[in-house]
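Participant: Look at Swiss-Prot and you will find 26-62 tagged as domain 'CBM1', backed by sequence analysis. Summarising the annotation, Swiss-Prot assigns disulfide bond to CYS34-CYS51, CYS45-CYS61 and lists similarity to another entry as the type of evidence. Annotated substrate binding site per Swiss-Prot: TRP171, ASP173, HIS305, TRP308, ASN344, TRP405, LYS433, GLU437, in sequence order, evidence recorded as similarity to another entry. What Swiss-Prot records for ASN175 is N-linked glycosylation site. The feature region 'Substrate binding loop 1' is assigned by Swiss-Prot to 208-230. The annotation active site, proton donor is assigned in Swiss-Prot to ASP260. Positions annotated as region 'Substrate binding loop 2' by Swiss-Prot, on the basis of similarity to another entry: 431-469. As annotated by Swiss-Prot, active site, proton acceptor applies to ASP439.
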Amino acid sequence: MAKRLLLTAALAATTLAAPVIEERQNCGSVWSQCGGQGWTGATCCASGSTCVAQNQWYSQCLPGSQVTTTAQAPSSTRTTTSSSSRPTSSSISTSAVNVPTTTTSAGASVTVPPGGGASSTASYSGNPFLGVQQWANSYYSSEVHTLAIPSLTGPMATKAAAVAKVPSFQWMDRNVTVDTLFSGTLADIRAANRAGANPPYAGIFVVYDLPDRDCAAAASNGEWAIADGGAAKYKAYIDRIRHHLVQYSDIRTILVIEPDSLANMVTNMNVPKCQGAANTYKELTVYALKQLNLPNVAMYLDAGHAGWLGWPANIGPAAELFAGIYKDAGRPTSLRGLATNVANYNGWSLSSAPSYTTPNPNFDEKRFVQAFSPLLTAAGFPAHFITDTGRSGKQPTGQLEWGHWCNAIGTGFGPRPTTDTGLDIEDAFVWIKPGGECDGTSDTTAARYDHHCGFADALKPAPEAGQWFQAYFEQLLTNANPPF
């Protein structure tokens, strides 16, 4: 299952004078690693690119500068209570970051909603994707325009520009994103809606910051540990999200809750980290569902995918687990159902089973949700579904095994977001994983290396999870179905 570190505050890196010619010959090429904790290779970039610190583990040569540069520590453009794991080049900008703020006594930046706050509540009934437009992720759009397109020409550049316009979910994968990208995006949506957007825009986001996150893998470990007060920190993170949702109650907001977390509770309880995290995961998921149960909010719990929970041995226990969470949270009206195939590659409705899915009878996402739905209903959770089709365009993929989740070869952008799913329990096809952001590094010496990213069916060389992966974006674009 793909692992992710996405959507943190926009940060900038300063540039130093070019080193001598002899050093320049050994500098990294564009997109290569140029620094980070434990890195022993070149710490400068060839002419035409800049070494930008992405997080403490990884710096990357990004296009933009016309001189050779050396890795520099980023400096935040905003006052926050937490440092960002995913700073970006100063060439990446998004209007979502530039929002009016005030400072609390704790020093955290807090958005002041323009125009005096909400004048109404964006309540709804039934399918929350009906009657609204999904908001295109401005951060992802900026990545495509500033990182992808400069390396492309002709039809590929034109197609890439079209990708940037497709709505995709924005990830709150660090505490710092809540009072920056999240609140800023809500401010942008409010401005667009007040300017007459018809139908109005809805915000689409992923809540993804559990302590001891990603308990069964290494590629996208989170910022908090359960042993170091992580539960209290997570509750404060959820409380901040709630604060902004209340401030922007005039905006319908759709949330996917904690990819991978509960699915790991079904299949990976043999992993010590998952055993230790299980009770906390459940407690904090229930807390999030209760706190975010607001009339303008719709929530979908992440439920893995057909190749994870769709197996006959897993699907029954999964239904019991999700129904239990639903009941423990008090059957929140804003919990609409489950999200499937997040950051994965499965097709929706296939005529035949890919070889790597055998012998699972639920070899695509449609079969999975149709098998899952009656079990959930019988357990007391009448769930609806959304499915991530962002990387499902090419079927079969180049995966050698179904569980090979990292930067899989032979994949393409898939069906565009729509409510025309042909299935009453399926609310929408959506793009949850922004295509082109890496699943995990192939560098075996990296602190967050996961062995799945070194398999023969994983595209290499790959940067750290969440960093821009130009070769992967081009693969998705080339194999897009329907094409751009």
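Keep in mind that glycine also has a Cβ here, set from the backbone N, Cα and C atoms.
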Participant: Roughly how many Å lie between the Cα atoms of the residue listed as 'N-linked glycosylation site' and the residue listed as 'active site, proton donor', rounded to a whole value?
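Facilitator: Rounded to the nearest whole number, the Cα-Cα distance is 18 Å.
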Participant: If you average pLDDT over the region 'Substrate binding loop 1' (208-230), what do you get?
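Facilitator: That region's mean pLDDT is 91.
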Participant: Given the recorded positions CYS45, CYS51, ASP260, find the one whose Cα is closest in space to the Cα of TRP308 (substrate binding site).
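Facilitator: Given the candidates CYS45, CYS51, ASP260, the nearest one is ASP260.
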Participant: What is the one among the recorded positions ASP173, ASP260, GLU437, ASP439 whose Cβ has the most other Cβ atoms less than or equal to 10 Å away?
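Facilitator: Buried the deepest by this measure is ASP439.
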Participant: Taking Cα-Cα distance, which of the recorded positions CYS34, CYS45, CYS51, CYS61, ASP260 are within 10 Å of TRP171 (substrate binding site)?
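Facilitator: Qualifying among CYS34, CYS45, CYS51, CYS61, ASP260: none.
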Participant: List the Cα distance (Å, whole number) between HIS305 (substrate binding site) and CYS45 (disulfide bond).
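Facilitator: Between the Cα atoms of HIS305 (substrate binding site) and CYS45 (disulfide bond), the distance comes to 39 Å.
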Participant: Relative to the Cα of ASP173 (substrate binding site), which of the recorded positions CYS34, CYS45, CYS51, CYS61, ASP260, ASP439 have a Cα no more than 10 Å away?
Facilitator: none
Participant: In terms of DSSP three-state secondary structure, what is the assignment for the residue listed as 'N-linked glycosylation site'?
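Facilitator: Its secondary structure by DSSP: helix.
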Participant: Could you give the Cα-Cα distance between CYS34 (disulfide bond) and LYS433 (substrate binding site), in whole Å?
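Facilitator: About 26 Å separate the Cα atoms of these two residues.
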Participant: Please work out which residue of CYS34, CYS45, CYS51, CYS61 has the most C-beta neighbours within 10 angstroms of its C-beta, and give that one of the disulfide-bonded residues.
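Facilitator: Ranked by Cβ atoms within 10 Å, first place goes to CYS45.
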Participant: Consider the recorded positions ASP260, GLU437, ASP439 and say which one has the Cα lying nearest the Cα of CYS51 (disulfide bond).
Facilitator: GLU437
